[in-house]
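Straight from TrEMBL, the features:
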type: BINDING; residues: B:227-228, B:241-245, B:258-265, B:N279; note: FAD binding site
type: DOMAIN; residues: B:4-185; note: domain 'Electron transfer flavoprotein alpha/beta-subunit N-terminal'
Amino acid sequence: MVRNHKMENFPILIILLYFFRNFSIFIDITNMAPYHKDKWVKYLFGLVTQTLEESVNNEMIIEQLKTVLKPTQINTNSEDLYDASADRYKKYAKARKVLDVPSPLAIVYPDSPEQVRDLLVFCNTNQVNVIPRAGKTATEGGLENWKEQTLVIDALHLDRIINIDTYNMQATVQAGVPLQELEDALRKDGFTTGHSPQSKPVAKLGGLVATRSIGQFSTLYGAIEDMVVGLECVFPDGHISRIKNVPRRSGGPDIRHIVIGNEGTLCYITEVTVKIFKIYPENNTFYGYLIKDIDTGIKILREVMVNGFRPSVARTYSEEDAAQHFYHFHKNKCVLLFMAEGPEGIVKATGEAIEQAVEKFKDGIIEQVDSKHIENWFNNLNWSQQDIDDEFEGMKEHDSHSGFTTEISADWSTITEIYHNVIKRIKEDYPRYHDLTLLGGHSSHSYINGTNMYFVYNYDIHCAPEDEMRVYHHPLQRIIVEETLKLGGSMCHHHGIGKFRNEWTKMEHGSAYYMLEKLKEAFDPNGIMNFGTIFPQEEGKKYQ
Amino acid sequence: MKRTLILGDTGLPKRSNDLLEVSNRIYDGKKHESWLLAFSPDQENLPEGFERIILVQDEGNICEDARYICAIIMDLHSTYAFDAILIPGTWIGRMVAPRLAKRLQVGLVAEINDVKTRDDALEFVRTAYSGNILSGIAITSSPPIILSIKPGIFTWEQKSGVNTIIQNYTKKLQSPSSLTCLKRKQRSVSYDIRDSKVLVSGGGGAKRAYPLLETLAKALGGEVSVSRKLVDQGIANRTIQVGQSGKIVNPRLYIAIGIDGAIQHVEGLRNVETILSVNTHSDAPICSISDVVVVGDAKIFIEKLLQRIALENEGTIHDQYRGERK
Amino acid sequence: MNIICLVKFVPDITGFTYDYHASAMVREHTRMVLNPDDECALSFAFKLKEQHPESLIHVVSMAPSSVVPHMHDLLRLPVDRGTLISDPLFAGSDTYATSEVLGTYLKSQEFDVILSGSRSLDGATSQIPGQIAQMLGFDHMLDITDIDVGRTSRTDAVFSIEGEKETTTWSMQLPGVLSLARSSTCKLPYPSYADLQKDVSDKLTILTNKELGIDSTHIGLEGSLTKVVHTYEANSRIREKTVVEADDEGIEFVFSYLKERGFV
């Protein structure tokens with residue numbers, strides 16, 4: 001429909017396009033024999049025609065969009081499109097204006113599930129790639145664009161808090177509602193979502209559900225998958241599914257989990273209902289300790305968890321990581337910290353349990369830290385849009401940046417082994433180890449059977465900005481992922497797979513990858529949903 | 001009797017006698033002679049406290065010619081055999097001292113900030129690693145002792161009057177140097193905080209006092225910088241912002257006024273020697289990395305400190321006036 | 001032009017940490033970086049090479065062999081050759097002995113100009129370039145902030161110095177030694193992605209005292225004329241913090257504190 005213009009030329013043009021996009025061609029034809037010269041001129045002319053051809057198609061897509069949406073719902077501002085072509089994964093290259101990926105054709109802002117449906121049907125019919133977006137804080141390339149013809153469908157206008165039901169303890173919102181907004185609305189009446197990722201001031205509910213997000217208080221409240229009660233989503237064929245809100249049911253597989261964590265590869269989330277909790281800020285209690293090593297920290301975390309307690313925060317940091325977070329009290333030691341919250345009796349019992357666990361491993365404890373430091377730190381932890389903008393400016397200014405991470409999880413018996421193996425292998429194998437300014441990690445989300453490990457590494461960049469990821473982050477991430485998978489852990493605790501861990505998706509899931517593949521085949525047979533995310537793609541490798 | 005030669009500080013000729021304190025410390029207060037090698041077109045400006053001043057009439061730019069100065073010192077040393085030669089750690093001094101040490105084949109301890117005696121042996125202290133480490137250094141070569149001295153560290157107080165003999169150095173030496181100064185230009189007012197030696201830095205708590213920051217910075221020979229808060233509020237330009245998203249600075253003195261000290265800000269303070277912070281709360285994170293914490297209001301602090309500096313300057317003017325009459 | 005660039009790799013002081021219990025600086029994790037002033041010197045070498053494309057840049061460093069990866073990184077930039085002077089016999093050399101070694105080597109080399117940094121991050125005493133200039137009988141200038149590459153030739157250099165009060169422009173006959181001060185505009189280029197893995201070991205010569213043949217009494221601890229007899233931590237920030245109020249007494253304290261340190 002869109003490409004009916006000169007349809008007969010289409011296959012040839014695609015081939016040219018393929019070559020054109022993969023190679024930079026510099027040909028000096030001035031001294032060529034006339035025959036060759038003629039041939040090259042014709043060839044190059046063909047390339048130009050093809051580019052024109054493509055632009056016609058792109059324009060027609062935009063024209064078609066206007067039949068579905070109002071002009072104000074279609075954004076083709078080139079700066080915004082550049083911004084939309086990558087997420088925080090390639091933030092440094094983005095800041096330096098050297099991104100190697102194509103820009104999307106437009107960012108569109110539907111204001112109803114029906115408009116989402118129309119857009120998806122349009123894209124599905126015309127093989128236009130779709131990147132669903134809400135909040136824009138992805139870190140693993142989930143929002144990066146790898147296709148020439150892509151629409152970013154942003155939940156900006158799906159911004160209504162539909163219902164806060166404090167009797168049944170659940171809140172229903174559209175996908176584009178910022179978590180902060182919902183949280184503020186709940187706090188007014190003494191409730192909380194219990195969800196507090198560092199991105200809270202910016203992140204939106206749709207994105208949080210799509211990426212299986214986790215928050216800082218997960219050890220008590222659980223991660224997003226524990227909070228979602230029901231939801232509404234739209235599939236590429238236009239089907240709108242609503243999963244109703246019930247306390248529990250035994251009917252069939254839990255279909256919420258097809259949607260939660262799909263990272264925009266199966267469907268578009270338009271609405272979610274989450275649990276809410278009573279909040280008792282006056283009971284919050286903080287504990288901080290300087291400890292001998294990270295192994296001691298993990299042992300104490302385990303002790304508290306397996307004894308059946310759920311502090312809202314339970315964390316332990318390596319020396320290096322502690323130094324960057326707690327510069328005013330770390331004294332170059334590992335740090336262990338807890339926060340207990342909830343009703344008074346629970347906080348008291350949890351606090352006692354923490355103190356008992358600390359007592360049990362007292363040989364590894366160096367000293368207790370003033371709890372005020374821990375409280376202060378928590379109050380300043382989250383990243384606002386201003387912080388993100390500032391980081392961006394900072395990257396333009398300096399040849400280094402901080403804050404690259406890879407987060408994994410494993411059971412209690414292997415987590416420290418993975419940690420030490422990773423650090424050892426990076427020291428021994430990584431060729432640019434001498435550029436690392438920081439290498440360490442922390443555990444920040446614990447479960448009864450294990451915990452996570454958040455590896456952090458900063459480095460000075462001694463390569464071109466566009467090469468940064470393949471010179472630094474990716475080889476480091478590879479070591480972390482390989483060491484984790486080797487010992488049976490998960491390579492992605494809470495940032496999702498995105499586009500840069502997709503080469504290990506099959507290893508992550510092993511024989512269960514079959515189930516993921518079938519879901520993709522069933523719900524997105526034309527492969528228009530977020531090309532390259534989760535599912536590895538040969539064609540996308542050039543951007544990796 | 002031991003004899004010390006001190007190379008005059010051409011920038012602050014009157015302060016050349018601060019190095020007498022170093023000489024006193026070397027000889028542990030015992031009687032010794034201190035001579036000054038000065039370059040001065042006018043004799044009025046000579047410092048007090050020296051037994052002898054050797055005055056070089058500076059036609060052209062001898063005082064900026066390290067090789068010429070070396071030649072004069074070598075010449076004097078061959079006649080007077082100094083036991084110690086003290087060089088100020090100024091731009092020219094830092095070029096003279098290493099050359100001289102090499103010519104005399106003696107060890108040099110550069111930019112010292114302390115002299116100690118340990119087990120009857122002299123130990124010269126200097127900082128390393130941007131002030132993170134102090135090293136006590138002994139000289140193992142035979143005299144003269146050659147030192148260069150970090151400016152502004154030592155001060156000398158006159159205890160008793162000294163009769164100064166002024167001796168003109170008349171010998172014309174041939175300078176081997178090919179250096180020619182082509183142009184001199186007063187520095188323009190624009191500055192880069194990364195090159196600043198003194199920064200008076202304002203944060204959210206200094207909003208009301210912002211116009212005063214510059215006055216204080218000027219009084220201390222420095223420049224103004226800010227934390228992110230003042231940039232966000234449109235009060236200051238991002239070019240003078242310190243921190244992760246701003247600039248990494250390395251002044252000798254950083255006065256943080258009304259700055260809380262978030263890690264992103266502290267990131268920008270990697271190589272700062274001295275941090276003085278002014279804050280209404282003594283438990284703000286910046287305070288834990290400060291050498292001096294002033295608890296109180298930013299505006300009041302600046303005004304009071306400016307008053308105190310003004311008082312001092314009046315005193316200096318007064319002293320000079322007295323000096324001229326004498 | 002034949003340019004020799006004298007560089008030093010120094011511990012990255014940002015990685016310095018303090019062990020409060022052992023009262024000692026933890027240095028085992030310390031990473032080496034190219035001394036910032038020397039980075040400026042090298043960046044001006046590249047600017048000179050741009051102006052005089054026939055130029056050859058030769059990077060010389062005296063250091064333990066652990067800096068080889070860093071030398072390799074420099075050789076992946078438009079540097080023509082590198083020399084690492086490295087021998088356990090040199091360990092413990094003070095500045096006098098170090099300049100003896102470097103000066104002896106440089107005497108055997110042909111060049112038009114030696115570029116170096118003014119200060120090193122670890123010692124910051126600016127002695128080596130001056131002593132080398134003395135040994136070679138050349139002029140030397142410290143704290144240079146800009147080299148006028150257009151007016152600099154094999155026989156003369158033109159450069160300027162931003163002092164506290166004035167900016168001065170100078171000319172100097174070459175060969176000579178120019179020491180650059182760190183300024184915000186100095187930046188080294190990036191190696192290309194393909195070059196990052198390139199084997200550049202054939203461009204690097206590692207010399208020991210066997211090749212240099214300096215009398216062993218002139219090098220290392222024996223050849224040093226100064227000796228570090230005591231090292232202690234200056235990092236007493238947290239311990240020595242003084243808290244005062246913004247009253248007359250407090251202001252008087254601040255004032256004398258600033259005065260003692262020469263800021264007033």
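Using N, Cα and C of the backbone, Cβ positions are placed for all residues, glycine too.
Where TrEMBL records a feature, it is marked here on the structure.
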residue : record           : Cβ neighbours (10 Å)
B:S227  : FAD binding site : 29
B:Q241  : FAD binding site : 27
B:G243  : FAD binding site : 25
B:I259  : FAD binding site : 32
B:G261  : FAD binding site : 23
B:I263  : FAD binding site : 17
B:H265  : FAD binding site : 25
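Applying an under-8 Å Cβ distance to chain A, the binding-site residues B:S227, B:I263, B:H265 reduce to B:I263. Mapped onto three states, the DSSP output places B:S227 (FAD binding site) in coil. According to its DSSP assignment, B:H265 (FAD binding site) is helical.
Classification of B:I259 (FAD binding site) by DSSP places it in coil, neither helical nor stranded. B:G243 (FAD binding site) falls outside any helix or strand according to DSSP and counts as coil.
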